[in-house]
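A.B. asks: For reference, TrEMBL lists these features for the protein:
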type     : residues               : note
ACT_SITE : HIS228                 : active site, proton donor
BINDING  : GLY136, SER137, ASN138 : N(1)-(5-phospho-beta-D-ribosyl)glycinamide binding site
BINDING  : LYS182, ASN226         : (6R)-10-formyltetrahydrofolate binding site
DOMAIN   : 18-93                  : domain 'DUF6787'
DOMAIN   : 127-303                : domain 'Formyl transferase N-terminal'
SITE     : ASP269                 : site 'Raises pKa of active site His'
Amino acid sequence: MFQRLKEKWQVSWPRFVLIFCTFATGGSLCGYAGRKLLSLTSLGREDGFLYWVVYIVLITFLWPFCVLLISIPLGQFLFFRNYLRKMGRRITGKSSNSYEVREMRLKVDNSIDMKQLQSQAEEKVVRIAIFASGAGSNAAKIIEHLKGHKDIKVALVVCNKPGAGVIGIAGSNHIPVLMIEKEQFFRGDAYLAALREHRIGFIVLAGFLWKIPAALIQAYPGHIINIHPALLPKYGGKGMYGMKVHEAVIAAGEKQSGITIHYVNEHFDEGEHIFQATCDIEATDTPESLAAKIHALEHAHFPVQVEKLVLKR
Ligand code: GAR
């Protein structure tokens, strides 16, 4: 039973023990607080049925607060906050969005994969998340390159654009997809709890166009990388993505362009450079033909660089 719960929660054994202790201590605290509160009223055990009904109603309301309280010193607050949210949604019959349903379905499809994962030296494998909002050709190349890798697993695709090509790519590779919303990403906890639940150790941005919030950068220091389709520091910054970059490069009459792989900080395209590769631009090149050259460079180098960086992290 414990093994099944551990798999369901996707946590390590030490964390499982802490969660279990939180449930046990929170439950005891709840019973104690319920009895104390009832002792302040005129109700007593001698009132029989009425006493027990009031007691049960009382502890039903007290329980979430008690487990949340205990979860703080045990370092399990995010787990329990999520757990209670899910419970709340189940009770009210609401789902925060339809994509969660999709993610749950993918998780079920992924159950065979989860069993395989158990048999791997679990803590050794670095689980990476690919953040992407576009066609996902880079994501596809990375997934293909790392398929069957003994030390790295693409464990999650994070996407902010319904209908993006990358969602289908993740689905056909049995990788769960987490659909994110702007409000929660920028004003909430940047989905940190979800990333922790998937035990993500490294994040790769492959055509992800939102700025990464400070909460995420602080949680993954030096563990988030991005690919940009130009030779940074030129042609980077807010609004410079995809075809807009290639149009600007061609309009400026550049003789060369290329790709930059860099660490992510709180400013668009400004993190420390890791790798660059170049290609020549001919007089006959258009933004479209340049885009094709850049994609070829990205596909040749990005998966290899991702593997190198994850292994040396
Ligand atoms: C890639 O060319 C990537 O460099 C670019 O988006 C494209 C995504 O293509 N990223 C940026 O412009 C970030 N500023 P893909 O969806 O086919 O991988």
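Using the three backbone atoms N, Cα and C, a Cβ is placed for every residue, glycine included.
Please situate the listed features within the shown structure.
C.D. replies: The Cβ of HIS228 (active site, proton donor) lies under 8 Å from the Cβ of GLY236, VAL245, ILE259, THR260, ILE261, HIS262, ASP269, each on the same chain and at least six residues away in sequence.
Secondary structure from DSSP puts SER137 (N(1)-(5-phospho-beta-D-ribosyl)glycinamide binding site) in a helix.
Neighbour list (LYS182 ((6R)-10-formyltetrahydrofolate binding site), Cβ cut-off 8 Å, at least 6 residues apart, same chain): ASN160, TRP210.
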A.B. asks: Out of SER137, ASN138, ASN226, which of the binding-site residues has the smallest number of neighbouring Cβ atoms within 10 Å?
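C.D. replies: Per-residue Cβ counts within 10 Å for the binding-site residues SER137, ASN138, ASN226 bottom out at SER137.
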A.B. asks: Return the residues near GLY136 (N(1)-(5-phospho-beta-D-ribosyl)glycinamide binding site) by Cβ distance under 8 Å, restricted to its own chain and a separation of at least 6 in sequence.
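C.D. replies: Long-range Cβ contacts: VAL157, ALA164, GLY165, VAL166, ILE167, GLY168, ILE169, ALA170, ALA206, GLY207.
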A.B. asks: Taking the Cα atoms as reference points, how far is SER137 (N(1)-(5-phospho-beta-D-ribosyl)glycinamide binding site) from ASN226 ((6R)-10-formyltetrahydrofolate binding site) in Å?
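C.D. replies: ASN226 ((6R)-10-formyltetrahydrofolate binding site) has its Cα 14 Å from the Cα of SER137 (N(1)-(5-phospho-beta-D-ribosyl)glycinamide binding site).
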A.B. asks: Looking only at C-alpha atoms, tell me how far ASN138 (N(1)-(5-phospho-beta-D-ribosyl)glycinamide binding site) is from ASN226 ((6R)-10-formyltetrahydrofolate binding site), rounded to the nearest Å.
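C.D. replies: ASN138 (N(1)-(5-phospho-beta-D-ribosyl)glycinamide binding site) and ASN226 ((6R)-10-formyltetrahydrofolate binding site) have their Cα atoms 11 Å apart.
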A.B. asks: Hey, for the N(1)-(5-phospho-beta-D-ribosyl)glycinamide site built from GLY136, SER137, ASN138, who else sits with CB inside 8 A of the CB center?
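C.D. replies: Surrounding the site, in chain order, are ALA132, GLY134, ALA135, ALA139, ALA140, LYS141, GLY165, VAL166, ILE169, ALA206, GLY207.
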A.B. asks: Taking DSSP states H, G and I as helix and E and B as strand, how many residues of the domain 'DUF6787' (18-93) are helix, strand and coil?
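C.D. replies: Its residues divide into 64 helix, 0 strand, 12 coil.
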